Every structure is written in C-alpha cells, then in structure tokens.
Amino acid sequence: MNIHEYQAKALLRDYGAPVSDGRVVMKAEEAKTKASELDGPLWVVKAQIHAGGRGKGHFKEESAGEKGGVRLAKSVEEAAEEAKKMLGRTLVTHQTGPAGKQVNRIYIEAGSGIETELYLALLVDRQTSRVSFVCSTEGGMDIEEVAASTPEKILSFSVDPATGYQPFHGRRIAFALGLEGPQVKQCVSLMGTLYKVFTERDMEMLEINPLIVTDGGDLKVLDAKFGFDGNALYRQPDIANLRDETEEDSKELEASKYDLNYIALDGEIGCMVNGAGLAMATMDIIKLYGAEPANFLDVGGGATKEKVTEAFKIITSDKNVKGILVNIFGGIMRCDVIAEGVIAAVKEVGLEVPLVVRLEGTNVDKGKEIIANSGLNVIAADDLKDGAQKIVKAVKG
Ligand code: ADP
Ligand code: MG
C-alpha cells in the first residue's frame, strides 16, 4: 500500500527526521489560510498523487506556459492561486501512464534553498533477503535513467538483520554522497532513523528523491515516497488509516474486499485461476499463443461460490476484456463449486464475450456436467494448452 508525500513526511517528522513545515489542502477555500500558516519567503505547492515525476509532469488541458505538479510561489496569495489551479485536474507523469491521475489533495510546503540534490532509498532486496540502502549523488532526476546509463553512480548494500543498522552504514553513505563535516553526523543519524521507520512500520519501499543539502549546509528530506507491505497492515492500524482509496484501481480495490489476489493488466484476455503459480503459467501461455492477459487473478485455494461470482464480476467489468479463460486445478478447491460460481456469475452479469473453461482435479466430472447442462455458451477445454489456444482463437479469430 502506498501513501502520499505529506503523510510520509508527517511520519518522518514523528520519528525526528528533518522535513519542512507544510499543510495539506483538500478544498480550494482552505488554500490561503493554510499557506499563511507557513513562513516565507518561498512556498512550494505540490500535487499529491501516488506517482512520482510530478515536477516534470503536465496537466491535461494545460494552458500555455503552465508549470507541472510542483510549483514555486513567492507569496501566500500566489501559493493559494497555484493550489486552486491544480485541484481537481488530471496530472500526467511518466509514472501515471497517459491516463494520468486526478489531483484531490495539495501539499503546501515552506520552500528550501537547495545546494545539492541526492538520491536515497531503502527497499527489501529479494536476492539477499535483506533490507538494502541505495544512494546516489544524482538526485532529483530519473534514477532509472542513472541506473541505465551510469550505474557506477549508484551505491547499494544490504544490512545484516542480526546487527541491524550500524553507524558505519551511515558513514559509508555519507562518503558516497560526498558529505562533509557536520553533515556526516547528520547522515549517520538520519539513515538510522530511516532504517528504524522502515523496519518498525513493515515497509517495502522508502524513496527520498531528492534528499538535499540546504544552502545552510544541512541535510533535509524534500520528497518522500513510501510503500508498505499489505500483508502487515493488520498490525499497523494507523498506517492502514492513511489509505487513499481514490488512488487505487477500483477493480483491485473491489477484489481486495473479497480477499482475491487480483492485479489489473493491459491485455484482452481475462483470467480466473486458482493458485499463484498456475495463474502465472496461464498468463505465460496466453502470451505464447499471441494474446495478452487482462489481469492476474488467483481466487485462492478455498474459494466459495460467492468469491468466484465476485471474481467473475470484476473481470467482466473490465472493458478491455474480449474473452475469458477459467483455468482451475481442483485440489482443495472443488471443480463443481467453481462451475456453480461461474454459472451464477454469468446469470447475474451476463456474458458478452467468449468463455473457455478448463477444469481438472477434484469433482471434475461433476463440474463439467454442471457447465454442460447450464445451457450457456461455454467452450470446454481439456488442458492448459488447449484452453489457451481456444481462448486466443475465439478472441483473435
Ligand atoms: P517529483 O519527484 O514527483 O517530481 P519532488 O518533491 O521531488 O516531486 O519535487 C520536484 C523538485 O522540486 C525537487 O527535485 C526540487 O528541486 C523541487 N522542490 C520540491 N520541494 C521543494 C521545496 N520544499 N523547496 C524547494 N524546492 C523543492
Ligand atoms: Mg521526487
């Protein structure tokens, strides 16, 4: 689960990390009052969406000479004006995709004088099964670009969980970032704080881009992108409360209510599968036969008829779906339950695209019989290959 920059900064402030004073604005009328609570001479007005690249982004239907989603203002009035201009509009960045994201919240922050912009991240490294620090002197811009063209400018190392964070980790980062004098001590302390937030709050990703050296020579967090482990939210209720559902894919949100593992993709073939491994294999084989999956969906081992019905509704609500492949291996799951769920769902939501069903495993005969007797126009398949070929053929001709 991701949170907004202003929420991440509030969390950092609680942990004692150096962040600027700021106010979140939800309604245009509040903008001026909120801005006037901050000291000048510079105010920074920042669109809050769950995507980076806001500074270099652009608004849909922008007027000539208009700036992106991060704007500087020299007075309270100007800050309020900029906030009003951005609220409710759609911001497109290289991370939002062409559709962009609607801006419903604005963060107005006291402006900082910037000496240098650095990059810092913490993430869970699957290769080492440890938490890793990633840092670079090339902050403020696209880190993916730096990684591709000048990888030597990125330092990355993992922390041994048995010792946890140690001051030498911080000194190593300070050295790599070219910090000097009192900044080294600030860096050792800040990295310790970040590691503490990361581990105590079950985070998956923490990115500070840029981390800056101010014109006064101090380290400061200027941007913050935080992602949390969804499986740990039950023990982080205050983090779970920060969830902004308007930022999430409505189909994924619906799926999470029914405990379905669903991820929306761009293709045309909707998939309903049980088990993550089989779901991956199904997506692979669809691609192999020349089509693209519209989603990843694992209905889980113990899915009920209701859950299958919901899953089916979510798939059919996707306008890109031109065909559906149900691929179930009944182990714990019984094929007849799946068959009943599919039929109940089709009766409820209707079926406007071809449907291929491949069932195997427990109660497979009963399942096939239910489908055959349903009177629905379902294409039966015998195995994974057969199923994939049939749905691709039905969709692509
Ligand atoms: P994004 O990464 O989404 O573009 P950032 O928060 O990193 O958004 O802002 C983009 C740039 O705007 C920063 O690299 C920095 O140069 C400038 N900026 C952001 N916040 C401030 C601030 N409080 N004071 C001065 N400059 C800022
Ligand atoms: Mg940034």
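Even glycines carry a Cβ here, placed using N, Cα and C.
As recorded in TrEMBL, the features of this protein are as follows:
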DOMAIN    9-55  domain 'ATP-grasp'
BINDING   Lys46, Gly53, Arg54, Gly55, Glu109, Ser112, Glu117  ATP binding site
BINDING   Asn209, Asp223  Mg(2+) binding site
BINDING   Asn274, Gly331, Ile332, Met333  substrate binding site
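Feature map: TrEMBL annotations on the structure.
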residue: Lys46; record: ATP binding site; Cβ neighbours (10 Å): 25
residue: Gly55; record: ATP binding site; Cβ neighbours (10 Å): 16
residue: Glu109; record: ATP binding site; Cβ neighbours (10 Å): 24
residue: Ser112; record: ATP binding site; Cβ neighbours (10 Å): 16
residue: Glu117; record: ATP binding site; Cβ neighbours (10 Å): 17
residue: Asn209; record: Mg(2+) binding site; Cβ neighbours (10 Å): 22
residue: Asn274; record: substrate binding site; Cβ neighbours (10 Å): 25
residue: Gly331; record: substrate binding site; Cβ neighbours (10 Å): 12
residue: Ile332; record: substrate binding site; Cβ neighbours (10 Å): 12
residue: Met333; record: substrate binding site; Cβ neighbours (10 Å): 22
For this session: Among the binding-site residues Lys46, Arg54, Gly55, Asn209, Asp223, name every one whose Cβ is found under 6 angstroms from ligand 2, counting any of its atoms.
Result: Asn209, Asp223
For this session: Drop a 10 Å sphere on every Cβ of the binding-site residues Gly53, Arg54, Asp223 and tell me which sphere holds the fewest other Cβ atoms.
Result: Gly53
Exercise. If you run the three-state DSSP split on Asn209 (Mg(2+) binding site), which class comes out?
Worked result: strand
For this session: Give the distance between the Cα atoms of Ile332 (substrate binding site) and Gly53 (ATP binding site), rounded to the nearest whole Å.
Result: 45
Exercise. Out of Asp223, Asn274, Met333, the binding-site residues in the record, which is closest to Gly55 (ATP binding site) when you go by Cα distance?
Worked result: Asp223
For this session: Give me the Cα-Cα distance between Glu109 (ATP binding site) and Met333 (substrate binding site), rounded to a whole Å.
Result: 53
For this session: Could you tell me how many residues in the domain 'ATP-grasp' (9-55) are helical, how many are strand and how many are coil under DSSP?
Result: 15 helix, 10 strand, 22 coil
For this session: Work out how many Å separate Asp223 (Mg(2+) binding site) and Glu117 (ATP binding site) at their Cα atoms, rounded off.
Result: 11
For this session: To the nearest whole angstrom, state the Cα distance for the pair Met333 (substrate binding site) and Asn209 (Mg(2+) binding site).
Result: 46
Seminar exercise, completed: One should report the C-alpha separation between Gly53 (ATP binding site) and Asn274 (substrate binding site), rounded to whole angstrom, as 36
